[in-house]
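A.B. asks: TrEMBL lists these features:
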DOMAIN    1-312  domain 'Aminoacyl-transfer RNA synthetases class-II family profile'
BINDING   82, 83, 84, 113, 127, 131, 258, 262, 263  L-histidine binding site
Ligand code: HAM
């Protein structure tokens with residue numbers, strides 16, 4: 001029988017890779033907590049309607065990439081392709097707005113898009129995202145971007161390029177859409193098929209096209225920036241000024257439009273050479289009211305964790321979590337005592353790895369060496385008989401025998417000795 005494989009576009013995150021994930025999560029959790037952001041966990045599937053209305057039916061995400069299914073009651077549900085719509089649904093349904101002030105939320109979890117899998121692009125992938133609801137202030141734009149920059153720097157990625165654009169208001173975009181379509185129409189036949197399709201459905205997305213001929217046509221296209229009202233332009237100037245005040249460098253990209261329909265004003269992406277955008281976001285002032293909530297200004301971003309970690313893996317050695325003690329034992333009595341000692345050490349805050357193989361001491365010692373533990377604790381028949389234990393420091397090979405109670409009576413000394421070994 002053929003063996004069952006993971007579904008195309010999904011993958012296992014194995015223990016050897018998990019250190020990166022945990023490291024990123026710990027860093028992000030810490031940075032976001034210091035900025036008073038709170039974690040939110042919303043369901044991984046929602047009513048299909050939420051995404052259709054929230055993300056926009058003309059987008060690729062809704063039009064082509066959603067995992068949509070009917071449940072047994074014939075209701076249409078969809079695996080979330082992104083996190084913002086669910087957070088906004090929750091914000092409205094749970095009346096988080098009634099608490100007043102700004103809601104600062106973050107989340108991390110799997111998202112699902114039926115895309116063509118390739119390096120850095122999967123059908124199940126993970127995002128770390130942040131949403132800040134209830135402030136139209138330019139400082140909210142800058143605060144949220146600065147936190148993304150802090151997280152990316154803290155994990156060790158500082159070569160990403162922050163690209164910025166302003167998408168203005170809805171009225172600005174309606175005007176620009178017309179200007180752009182008027183410009184492109186004479187070239188319609190020369191555009192790539194996707195862009196031809198977008199000319200009526202979602203013309204702004206044509207700016208994102210990678211097709212060479214389309215790019216060439218776009219070279220002289222009118223820019224969205226020139227269609228922005230004075231107010232929108234002033235707003236963007238303020239955002240840029242405050243970013244510079246914080247020492248955050250960025251590159252203007254007048255063709256950056258984002259792939260989801262809910263954006264207005266500030267839009268940004270963190271670009272890498274290898275995977276394209278590692279993260280992106282922007283302001284979405286109309287989304288809460290669009291989905292039935294009160295008028296609420298909001299901004300947020302999401303970072304793709306597979307892309308982020310893919311880059312980290314090339315830059316940094318694997319973060320490993322190594323045991324303090326590796327317990328080697330042989331013989332019934334010794335094995336029982338080692339089990340107990342491992343538990344006592346764990347309860348005292350040490351990391352203790354217990355060898356369960358029952359194999360010859362030589363084999364267990366080899367595994368102890370490979371484990372990266374600071375020290376090995378050895379119990380054989382003789383030690384078990386006398387309630388003794390051998391303590392061997394794996395770095396130096398230094399070994400001593402002591403009563404088990406003595407070992408457990410000098411935990412502070414052991415802690416310092418292990419810290420010294422690790423330093
Ligand atoms: P997005 O740009 O669609 O924005 O996705 C954010 C990031 O998720 C991307 O930059 C990329 O790193 C990652 N990503 C997207 N699709 C895939 C995929 N198929 N495989 C691997 N990684 C992927 C959003 O999702 C918005 N909700 C961000 C946001 C939050 N805007 C406001 N608030």
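Glycine is no exception: its Cβ is also placed from the backbone N, Cα and C atoms.
Nobody curates TrEMBL annotations by hand; they come from automatic prediction.
Help me picture these features in the structure, burial and contacts included.
C.D. replies: The DSSP secondary structure for residue 258 (L-histidine binding site) is coil. Counting Cβ atoms from all protein chains shown, residue 258 (L-histidine binding site) has 21 others lying within 10 Å of its own Cβ.
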A.B. asks: For residue 127 (L-histidine binding site), which DSSP three-state class applies?
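C.D. replies: Assignment for residue 127 (L-histidine binding site) reads strand.
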A.B. asks: In the structure shown, which of the binding-site residues 84, 127 has the fewest other Cβ atoms within 10 Å?
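C.D. replies: 127, out of the binding-site residues 84, 127, has the fewest neighbouring Cβ atoms within 10 Å.
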A.B. asks: With the Cβ under 6 Å from ligand 1 as the test, give me the qualifying entries from the binding-site residues 82, 127, 263.
C.D. replies: 82, 127
A.B. asks: Over all pairs in 82, 83, 84, 113, 127, 131, 258, 262, 263, the listed L-histidine binding residues, work out the largest Cα-Cα distance in Å.
C.D. replies: 20
